[in-house]
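Report on one structure; see the data block that follows.
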Amino acid sequence: SDDASAPALETQPQGDEEDIASRYPTLWTEQVKSRQNKTNKSSASSCDQELQSALEEAKQPQKDNVFIPECAQGGLYKPVQCHPSTGYCWCVLVDTGRPIPGTSTRYEQPKCDNGARAHPTKTKDLYKGRQLQGCPGAKKNEFLTSVLDALSTDMVHAVSDPSLSSSRVSEPDPNHTLEERVVHWYFKQLDKNSSGDIGKKEIKPFKRFLRKKSKPKKCVKKFVEYCDVNNDKSLSVQELMGCLGVTKEEGKAETKKRHS
């Protein structure tokens, strides 16, 4: 019945409706804002938390039109959000769930950018508050240093040993710091099928490497899970960079500092 009445609705004078839609559809109401302000912004599970409180709210009497967000993996929001009782859908920033002005449509799906974010993720920040089980602060730093040292040594061997030429040492990007080059090089070694992700089987040599070359040993156990921020059982080059504490922005800033 909605579909049948949609054209009729669309042809009515749209003063109020337009106004509502331009302020975001009716749906992005104070209830959602206050709910988001209550939930902890920095936590990785922001959408999941908001979903929980929305479901709680919806159980209360007279609350049958509560907006319930749709979540993607890793606490992110799906790029299209809808409010079924009003027929509106709109695009949001996937990391905060905030609507993008001017994108709301009624009785149809808007075309949204799947990666629109309020904060382009600095991958390292995703790991700032992340606990590595059994491996507190100072130990974690010692561990990451030992992993990067061992990887750098391996890369230098690979580059200087002609018999290892099969290990695909590509030309380094001049913008990369040594640590970034090391991570990119190692990622290529692991990504045997060049899929751009290190899948379950491809992670095995990384786990062996960690057991063999890094310390303290307690930090090794949960490290791969710690790296896998979006929990998809595979690692991207950004995740590997982030969990090893190697970042673009700082790398560049440091090299500039050195030059100056």
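Each Cβ is built from the backbone N, Cα and C atoms, and glycine gets one as well.
Here TrEMBL flags 1-63 as region 'Disordered'.
The compositional bias 'Polar residues' annotation in TrEMBL covers 37-52.
According to TrEMBL, the domain 'Thyroglobulin type-1' annotation covers 44-112.
Look at TrEMBL and you will find Cys82-Cys89 tagged as disulfide bond. There are 21 other CB atoms within 10 A of the CB of Cys89 (disulfide bond), with all protein chains counted.
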Self-check item: the domain 'Thyroglobulin type-1' (44-112) [mean pLDDT, rounded to integer]
Solution: 87
